[in-house]
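Report on one structure; see the data block that follows.
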Amino acid sequence: MEKQLPASLSRQHSVNALMIEREATSPRPPQQQSPAADEEEEKTPLLQGKSDLEGVSTKKGTGRWNLRTLTLLVVLWIACILISSCYSMIAPFFPHEAQKKGCSLLVVGVILSASPFCVFTTSPIFGYLLPKLGIRFSMIFGFLLVGVAFILLGFLQDLPDGWLFIVAATVLRMTEGIGSSLAFTGMYTLLPVLFPSRVGLVMGVFEVGSGLGFAVGPPIGGLLYTVGGFMLPFVSVGATVLLIIPPTFLLYKKTSCQPKVISFGVIRRLSGNFVFVLLLISQVICLTALGFLNPTFQPFLHKQFGLDELQVGLVFICAPAMYMILAAIFGALADKFGPRGFIVSGFLISGVSFFLIGPATFITTPRLWLTIVASLLMGVGLAPAFIPSYSDLLKIAKTQHPEVNTEVLTGVVSGLTSATLSLG
């Protein structure tokens, strides 16, 4: 055995040498790349040059909660609350002041609706142009328009009665709406780019901020009006919006990126996708459901149950409160388990709540406890019905157009979402 071992090793060495020689002379097969590498080569981004998100970027597909990004998100969340409150805070006192200036209730309604009308009409346009405008410009210029317009609204009381007051108020509300459209389109585009795997969670958190602004706006506006008169609510809140501009400018670094605007062909193909359009319609329905009770709920509660204004307000806030509480939760769950099941179940719950809130005459007679439970149930249903729809829209857009840069697609989707919010 000891004498045969060297010969065995020698034969093995010869075989190994022969195999090495064959490998050296034989043609090498083309080197296979990983699926991720293939995917990167197949993509042709529409944004050329450096990313517009340099300085706040995150790891691809995960999202990194570094200090700079977290601070930027907090600043933008506060901006979301302030801009939403600008829309709602004038409700307790502006109609009365406008009537003293000679405005009819119809004219007051036109002035108040000028802001959401401009958001509805301009959001898709800004979503289309966002790659050219840039995210930082969109947010900062939007904050500037909202802040300046809201401050100038405080000086309307110095104008003479009649058409001059009406025109000035309408123009300023339209300017505020255009600024809101720019700001929200920029913010809603930035969030999915920063955290692509946590779109539902982050969007849910910002939807909580938006709902919070709408909810606290009227009492804050009424309080400031009581303390300082007509001018104080506009000047104080408008100046606070302007204070958001410096930290946003410092935390968000823009580079010399020269982006290209997305083609109309992409938008046309998205508008031809049945599920994509159905999700947009569902967003309109959700926001319509939240605002549906505004003109009807107070008379019903007062006539049916004899509730005073404070009691009506407590019942009124049930649905938006539940919506705000559950928005971020359902957003995170939708990121983990998928959005479609939550959307469908949310609409089913909301539908049941509308049957119970009256309630429908074939169910039972009106009962206060049942109306309160139905209001809470409405908020429970609308949160999963609306929040996951944004991430689902973005997923459809990416699947249908994988060649388009994510930043471009999120601009289009966020613009359409802002439009549906205002329409609802």
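A Cβ is built for glycine as well, from the same backbone N, Cα and C atoms used for every other residue.
The domain 'Major facilitator superfamily (MFS) profile' annotation in TrEMBL covers 72-424. Per TrEMBL, the feature region 'Disordered' maps to 19-60. Annotation comment: TrEMBL describes 70-94, 106-130, 137-156, 162-187, 199-217, 223-252, 273-293, 313-334, 341-362, 368-387 as transmembrane segment.
Same-chain residues lying 6+ beyond the ends of the transmembrane segment (70-94) with a Cβ under 8 Å from its Cβ atoms: 56, 108, 111-112, 115-116, 139, 143, 146, 150, 153, 176, 179-180, 183-184, 187, 190-191, 194, 202, 205-206, 209-222, 224-225, 230, 233-234, 237-238, 240-241, 244, 247-248, 251-252. Tertiary neighbourhood of the transmembrane segment (137-156): same-chain residues 76, 79, 83, 86, 90, 101, 126, 130, 165, 168-169, 172-173, 175-176, 178-187, 189-190, 230-235, 237-242, 244-245, 248-249, 252, 254, selected by CB-CB distance under 8 Å and a gap of 6+ residues from either end. Between the transmembrane segment (199-217) and the stretches 162-187, 223-252, 273-293, 313-334, the greatest number of Cβ pairs separated by less than 8 Å involves 313-334. Mean model confidence for the domain 'Major facilitator superfamily (MFS) profile' (72-424) is a pLDDT of 81. If you look at the transmembrane segment (162-187), the same-chain residues 6 or more away from its ends with a CB under 8 A from one of its CBs are 76, 79-80, 83, 86-87, 98, 101-103, 107, 110-112, 114-119, 122-123, 126-127, 130, 135-139, 141-150, 152-153, 156, 206, 411, 414-415, 418.
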